[in-house]
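*Asks:* Structure in structure tokens, see below.
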Amino acid sequence: MKTRGFSFPRQRQVLFLFLFWGVSLAGSGFGRYSVTEETEKGSFVVNLAKDLGLAEGELAARGTRVVSDDNKQYLLLDSHTGNLLTNEKLDREKLCGPKEPCMLYFQILMDDPFQIYRAELRVRDINDHSPVFRHKEMVLKISENTAEGTAFRLERAQDPDEGHNSIQNYTISSNSFFHIKISGSDEGMIYPELVLDKALDREEQEELSLTLTALDGGSPSRSGTSTIRIVVLDVNDNVPQFAQALYETQAPENSPVGSLIVKVSAGDADSGVNAEVSYSFFDASEDILTTFQINPFSGEIFLRELLDYELVNSYKINIQAMDGGGLSARCTVLIKVLDSNDNPPELIISSLSNSVAENSPGIVLAVFKIKDRDSGENGKTICYVQDNLPFFLKPSVDNFYILMTEGALDRESKAEYNITITVTDLGTPRLKTEHSITLQVSDVNDNAPAFTQTSYTLFVRENNSPALHIGSVSATDRDSGTNAQVTYSLLPPQDPHLPLASLVSINADNGHLFALRSLDYEALQAFDFRVGASDRGSPALSSEALVRVLVLDANDNSPFVLYPLQNGSAPCTELVPRAAEPGYLVTKVVAVDGDSGQNAWLSYQLLKATEPGLFGVWAHNGEVRTARLLSERDAAKHRLVVLVKDNGEPPRSATATLHVLLVDGFSQPYLPLPEAAPAQAQADLLTVYLVVALASVSSLFLLSVLLFVAVRLCRRSRAASVGRCSVPEGPFPGHLVDVSGTGTLFQSYQYEVCLTGGSETGEFKFLKPITPHLPPHRGGKEIEENSTLPNSFGFNY
């Protein structure tokens, strides 16, 4: 705590005046208890639960504690039994000194609701001290002409006990000159006086020695003794006379050591040695002797140690003036100590909580008491906390204050507060005391976990390995401790047909997502599901986020040739007139790929040919065209192998085998021979040759000119429709994917049947060209491309 000068703050303030016995007693109750001093530690005082009318266990449930005014733990409360016990041996003389009765004031504090019960404990005295004289020997100088009945006041004995246990009587040893008289004082103390019964004669006896005994009233009684030595003097006519019987003065408590407090003066009408006056303290207490000193020759009283108004606010000192002849006189000096603002306010914490739960307004954080040992304006105080904090001070009885939360706290906004309680007095100069409290705001589960994204998009390539980590979700919770520990889970899918539990799993601790099985892009391209994040608070709070998984296509499907059919049946043979010009469309290889994207981009390449250089394949559409003019030297039958390759990594491929037959004209019937039976094929071929030869001879003469002209005229007009075989119109096989615009053939690109193979009867059909069903929007482009064939073929040889 700090003590320093003060400038008045413009903040929340609580002004109150410290009175000697405190402030209002309203509504707090008051208990009076007692205990005998010097009882052992743990001695029973009272059962507070019964005395306050509380149920068993209520003291413990309400956090009851006992605090004393001086912040010392003289008492101990057993909150389970309700017994109030002594925490140490109590010495009444140390606690209260000469003050009687000896009271210890304390408070009983309880929470829920907050209450203060005020109480006092009286420490009863026992006779544990004997009377003690400060001087073991007292010297009295008495003139021989002193009249009988003259009383001489003696030094009294000291006994720290009080009441009946204090000094009750004085006695003197047996003698024929003196007896003891007991006198009282305004303070209630008794003094011994030595009364002269018989005139003294110095010539008979110069000195006498007596024993003074002090007796207390305890049972058994205790006593103390001192020796009185009486010196008989010659005649001394005059007694010293003080200028004043009572001297009154004031001394500020901050007066420095050595300061002159007051000067007393006494005169003596005698002359010589009998007129020499000396000054001394008479029957002074130990406190007076340690605080002041007197000059025996001048009568000046000086300060020997610093004054403390809070300990002693006034002193009454008896001064004795004695002349050289042994005669003395006494006066009284009354010193009033003036208070100065030399004590900063004291802040005594009775109850303190260093932690408070957030969202808890009106919670008691601390209970403390303010004391200022000064008086008047110096004892008035102002108490406040910082104005920018959500806390306030509530005054209570007996200068107690309660520090409370003003509103609900939010740990996520601020988890720790440094509160400074400042107490300032109104003295000059102003002094203040500061007490700092560090308050931790404990967490309440008032924040749900929050995902870093409202939705997540994850990519996973098909044919993945099971238990593959495909991604993660993450959520944070602004709370702390277990309230911030997040657990992840999969929420039931909105689509009841989605087998989510067999597709993915989530790690409950870190939000990692795993694919449980291998995914197939061709079966499932994407799926959505929700994940939840919940904390471990009570009650638990949760949130959710959307996760979309996109399956990336892998090149796991080879191209599939739709035309010509590669199913092992008799091949379809393409007929090409020998009069065909370069770029003549022989046929088109049609293939599809079950993959997507570039994995389904197909390219075509002539892998093998009976006569290289005669035919070419367009790389992007699979069209097979003639590469040059045909001649009579070219073989009639050709076998082409076309490679269809996709654009995946690594690429996949398939091959298509084509059979091409070169013919002179389309009026001649032709039936392809099955390769499966070579002998039968030779017979069929011989029959065909005979028929053709017979027809040729019969019609050679009549039709040679007409046929020649007709063939030449029709060759160009019918070139696009000659030699095409059909693929049955209908849907693709179920295991294939219809891909448009990826380089494969449109479904509407069809051929009619031109020939059938595998017939043993030699049946055949003449070629019947039809118009292809092409999409309207590509018609112009197709015509344009075909029109440029003679100039740029783009063949792939």
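Placement of Cβ uses the backbone N, Cα and C atoms for every residue, glycine included.
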*Asks:* Swiss-Prot tags one of Asn567, Asn786 as N-linked glycosylation site; which one?
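*Replies:* In Swiss-Prot, Asn567 carries the N-linked glycosylation site label; others show none in the record.
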*Asks:* Of the residue ranges 462-482, 777-797, which one carries the region 'Disordered' annotation in Swiss-Prot?
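*Replies:* Of the candidate stretches, Swiss-Prot labels 777-797 as region 'Disordered'.
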*Asks:* Would you confirm whether the domain 'Cadherin 5' (456-561) and the domain 'Cadherin 6' (568-671) meet the contact rule of 3 or more C-beta pairs below 8 angstroms, pairs 6 or more apart in sequence?
*Replies:* yes
*Asks:* Count up the helix, strand and coil residues in the domain 'Cadherin 3' (247-347) according to DSSP, in that order.
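*Replies:* Across the domain 'Cadherin 3' (247-347), the residues distribute as 10 helix, 45 strand, 46 coil.
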*Asks:* Give the mean pLDDT for the domain 'Cadherin 5' (456-561) on the 0 to 100 scale.
*Replies:* 93
